[in-house]
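Peer 1: Okay, these came from TrEMBL:
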type	residues	note
SIGNAL	1-19	signal peptide
REGION	17-90	region 'Disordered'
COMPBIAS	17-40	compositional bias 'Acidic residues'
DOMAIN	56-133	domain 'Casein kinase substrate phosphoprotein PP28'
COMPBIAS	66-90	compositional bias 'Basic and acidic residues'
REGION	123-144	region 'Disordered'
Amino acid sequence: MYLLQFVLHFLILELQEESEEEEDNDDIKFEEDSDDSSEENETKKKGTQGLIEIENPNLAKPKSVKAKDADMDRPAELSRREREELEKQRAHERYLKLQEQGKTEQARKDLERLALIRQQRLEAAKKREEEKAAKEAKRIEARK
């Protein structure tokens, strides 16, 4: 999804740059016709405008990157929340993998409980077998 947004963003930028280049070409043609008037405008600056060029440091300059210059192999940078979410998912997957291998504390406790339950079931099955055998023996003696 982010890759699609990334590609769309660069396609839009490329279209904007192409339109700007067309406008620049139109401006160049216009400037050739009016070279005289542009020189007059430059000389008529008021005050210290001709001496000092001031740029607003707070002005965010748009970064235009052409699609052909963009590195498509490099993944788009993730936000802090997205990075944390990915790390959380990876940690959970790692934990589940270790739990399947029986290396976590919870998995060890589960395996111990499971072994205890199996042992209790085996003992109960043996006891039932013995009781069944004893009942069978009583029936045989009662018939005699």
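Yeah, the Cβs are placed from backbone N, Cα and C, and that goes for glycine too.
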Peer 1: Taking helix as H, G and I and strand as E and B in DSSP, count the residues of the region 'Disordered' (123-144) in helix, strand and coil.
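Peer 2: Its residues fall into 21 helix, 0 strand, 1 coil.
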Peer 1: Summarise the model's confidence over the domain 'Casein kinase substrate phosphoprotein PP28' (56-133) as a mean pLDDT value.
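Peer 2: Summing pLDDT over the domain 'Casein kinase substrate phosphoprotein PP28' (56-133) and dividing by its length gives 86.
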